[in-house]
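Chemist: Please see the structure below; I have some questions.
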Amino acid sequence: MEEDRVRFICKRTVVSTKSVEQGQLYRFSVFDHVMEPNHIRLVYYFRSSKTREPGEITKKLRESLAYTLNCYPIITGRLVKDIDGMDEKDDLNRQWKVKSNDGGMRMVEARATGTVEEWLRSVNREEELKLVHWEDMYHLPYYWSTFYVQVTEFDSGGLAIGLSCSHLLADSVCAMMFFRAWADLTLTRNMMAPPLFHSLPPRRFANHGMISNNQLLSHYIKSCALNAPPSNLTEDSIVTVTLLFPDPMVRAGESEPGLSTFEILAGLFWVCVSRAKGKTNEFVDMSLCVDVRKLLRLDQSYFGNCMVYHKVQYSKPFKTKDSLLLSHAAQDIHNATKRLDYDTVMDLIEWLSSNSNPISNGSDLVCTNLEDMGNSRPMMFEKDLILSHVSCYVEGPVAGGGQVIVLPSPSCEEPTSRVVMISLPRREMVKVVEDELLLSFSPVLLMDYTKQKNV
Amino acid sequence: MPQAPMPEFSNSVKLKYVKLGYQYLVNHFLGLLLIPIMAVIAVELLRMGPEEILNLWNSLHFDLIQVLCSSFFVIFISTVYFMSKPRTVYLVDYSCYKPPVTCRVPFATFMEHSRLILKDKPKSVEFQMRILERSGLGEETCLPPAIHYIPPTPTMDAARSEAQMVIFTAMDDLFKKTGLKPKDIDILIVNCSLFSPTPSLSAMVINKYKLRSNIRSFNLSGMGCSAGLISVDLARDLLQVHPNSNAIIVSTEIITPNYYKGNERAMLLPNCLFRMGSAAILMSNRRSDRWRAKYKLCHLVRTHRGADDKSYYCVYEQEDKERHVGINLSKDLMAIAGEALKANITTIGPLVLPASEQLLFLSSLIGRKIFNPKWKPYIPDFKLAFEHFCIHAGGRAVIDELQKNLQLSGEHVEASRMTLHRFGNTSSSSLWYELSYIESKGRMRRGDRVWQIAFGSGFKCNSAVWKCNRTIKTPKDGPWSDCIDRYPVFIPEVVKL
């Protein structure tokens, strides 16, 4: 194996520029607690047309990060348990809280050889994860930073910024919003969308009984049980492939009105993965991960977990031709998503307040919808740094037996083009990438798995 | 019940008035003496009447020779007086370095780094935590960028870049404030105790600002936290010899190369207290600067206790068992500081104290020597001699000790405590941050006297007495400009981490 392309330079802590009021405690919502054992890793790639002094952009980013952290005391704080609080419940449920102590967040600086374009052409999952620093929780969580940023400058131009965080504090949506706020502050010295910290909507008191047939709730009841099926423990290693779908809506053929691109792609992968697993008469269990901020009437700047997992059931016949299968699958996904409404989610929230176990998606296929995270205003730190690619990884029991994450495509012109990151066991991946239905969408391979060493 | 406290209160009030009366009497003795004499003369003159006065005047034979000789004599004496009078040395202006907010080190970050770096030495980490809790530092003190890394990377390059950052920023600010052109600098003195590269820091300054080739430059290193006042002393002596000159003094301490990497407890203390800072001072003996100068230097007294072994070894740089170099602070540092201060006060007392205090001190001294050695020694009240005090912010213990010894009130030591809180122990430049605090609070008036006391390794105690030349308006910029409204803050005995 050729030598490491990424060279670690140093690690340090970045603190906010204003000192925080000591002793403030932030509580987590029920959605946060349920996601505790997982963590997120994001990598943003920027190409550059200007040559810079090595270390110059890193210094600038470090300073602007310090200013950004003024608005995010929850990131610079540290996790504590068992603080003598006002809750009587604390005796039974010793839950995490964040103590705002001004600790700061860790930042790692690194250099990589070549340019961003070269890297993107030949990288695989293992190498990509070298661009994101992450440390599992220490034995003493009070000294453990929950967020990590790694800035990697490419010797011949370009920049990669990796952000990783514990899922207890943030979901992929607000991690991306944090990143955007940082970019805005660096470029314009102005934060367009500062975060909002508040609790989820309160309990309803209109004497609702639980909605019967609340599938979202039943999924959580099953998945949060202590004896929920563990995540994929096969001897097969997980590999990741990134595909760019230039215009999936068109390729879907009968463009059914009302279906979103995510639904079509999720349906596509539902079909392909099921076939790869060898199931001919049924589909694999699949959970969809969607952002419910809009549903709960919360602003997109709400900082905290606000994404739910709901299972989809296939209700139509199997023995049909491919395109019809796909369209049925997409339709079912659409219907399942439509069934989510304010009351359904509030039922879940109310139930979760008496449940303290984290969710595990077992060996389900998990499809995460992040397609709305693109923005017509481009995100950049400096005028010549153009975002060329975003990667997203979620690790932990919530990742189930395989993941499909649908992201917006930063570089493609077409508004419906999407970048999809698929993580599956190797044996299944081999079959999925050869699947005819998948190939009919003419996806462009952005990141391959073939160079990955077999662990 | 009301009976018992009343007599005490009225006693103390009586005592206060007695003291005030005594002080007024002794300090204005000559003036008070002059009044009855003038009264007697005036009565005599009135009694004598104008013709008698005229007769008296005519009876004094004024020879030409006598008049000429006496006038020459007077001129001669006054010339000798003016020639031998030491030149007045003025402090035109000074500027203190304000570290960037991105170098801030809150307690939590410091402790975390400490724990990550010394992960197998929990006792040392505990020790550092206890020191930090009681240190009197705030959450806004700054360390140089190289010390922020895990683990710190104190390379020579990093030390040089810290030196460039702190010194050049302070000097640029000073040039802007005073309108001084770099080519006009006659004397340059740089003092930095623990970092002494080749070429020296003064050569670095000369290189950056392209100073004249006949500049008199000095680089003082190894002289500890009192080196700032030693530089002032050197500048004063040089300005006596060179007429019509100015001198720039740069006082700083470079933290980067001195981060102690071991875990010996007595040597971990400086890591917790020392912070980044520097000051640039412009001094001059030119008459043209007299109008715009902020302060006039009245006295400067240096006391060195190095002859005593205990004092010599009390702040000692050495290698620990694992060959890490650090500064060892001995346990009786406070006692030695107290003794050094006493020696310094004995010298400076007669120069600054009003006659009333000196008389009392003298009589108590004679009494103790002759009558009864058990009498309590009289501690002169320095509050009568000075309006402001700048005590080197070496640590909370130093300030507490001096406050007790000199019987100062909280307001007198406020400048020192607040500087320790906001900037930490910046070594030789801390006196200038304290002076800047007093100015920023608008307390500095024309004629106010300031006493700067600095302690340093060796063991040295140096004091400088300045007299304010003009009332100083609250500065718009400066290290305290963005936070002076928050001060003074209450600093708890122990900050719970």
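Counting starts with 1 at the first residue shown.
A Cβ is built for glycine as well, from the same backbone N, Cα and C atoms used for every other residue.
Predicted automatically and left uncurated, TrEMBL annotations should be read as such.
From a predicted model like this one, the values you see are computed outputs, not experimental measurements.
Marked as transmembrane segment by TrEMBL: B:20-43, B:64-83. Look at TrEMBL and you will find B:81-369 tagged as domain 'FAE'. Residues or ranges marked as active site by TrEMBL: B:Cys225, B:His304, B:His388, B:His392, B:His421, B:Asn425. Annotation source TrEMBL lists domain 'Beta-ketoacyl-[acyl-carrier-protein] synthase III C-terminal' at B:387-467.
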Chemist: Under 8 Å Cβ to Cβ from B:Asn425 (active site), same chain, six or more residues apart: give me those in sequence order, or none if nothing qualifies.
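Modeler: Non-local contacts for B:Asn425 (active site): B:Cys225, B:Leu273, B:Phe274, B:Arg275, B:Ala393, B:Gly394, B:Gly395.
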Chemist: Suppose we draw a 10 Å sphere around the Cβ of B:His304 (active site). How many other Cβ atoms does it contain, all chains included?
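Modeler: For B:His304 (active site), the count of other Cβ atoms within 10 Å is 18.
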Chemist: Express the distance between the Cα positions of B:His388 (active site) and B:His421 (active site) as a whole number of Å.
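Modeler: With distance taken Cα to Cα, B:His421 (active site) is 19 Å from B:His388 (active site).
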Chemist: Report, as numbers and ranges, which residues of the same chain sit near the transmembrane segment (B:20-43): CB under 8 Å and 6 or more residues beyond its ends.
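Modeler: Same-chain contacts beyond the flanks: 354-357, 359, 384.
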Chemist: Calculate the distance in Å between the alpha carbons (Cα) of B:His392 (active site) and B:His421 (active site), and round it to a whole number.
Modeler: 13
Chemist: Kindly assign B:His392 (active site) to one of the three DSSP-derived states: helix, strand or coil.
Modeler: coil
Chemist: Taking the Cβ of B:His421 (active site) as the reference point, list residues of the same chain whose Cβ is under 8 angstroms away and which are at least six residues distant in sequence.
Modeler: B:Gly136, B:Leu137, B:Gly138, B:Tyr487, B:Val489, B:Ile491
Chemist: Rank the active-site residues B:His388, B:His392 by how many other Cβ atoms lie within 10 Å of each Cβ and give me the one with the fewest.
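Modeler: If we count Cβ atoms within 10 Å for the active-site residues B:His388, B:His392, the smallest count is at B:His388.
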Chemist: So how many other Cβ atoms are close to B:Cys225 (active site), meaning within 10 Å of its Cβ?
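Modeler: If we count other Cβ atoms within 10 Å of B:Cys225 (active site), we arrive at 28.
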Chemist: From the DSSP assignment alone, can you count helix, strand and coil residues within the domain 'Beta-ketoacyl-[acyl-carrier-protein] synthase III C-terminal' (B:387-467)?
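Modeler: Within the domain 'Beta-ketoacyl-[acyl-carrier-protein] synthase III C-terminal' (B:387-467) the tally stands at 35 helix, 21 strand, 25 coil.
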Chemist: Secondary structure at B:His304 (active site) (DSSP, helix/strand/coil)?
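Modeler: Strand, per DSSP.
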Chemist: Translate the DSSP assignment of B:Cys225 (active site) into the three-state scheme.
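Modeler: B:Cys225 (active site) sits in a helix per DSSP.
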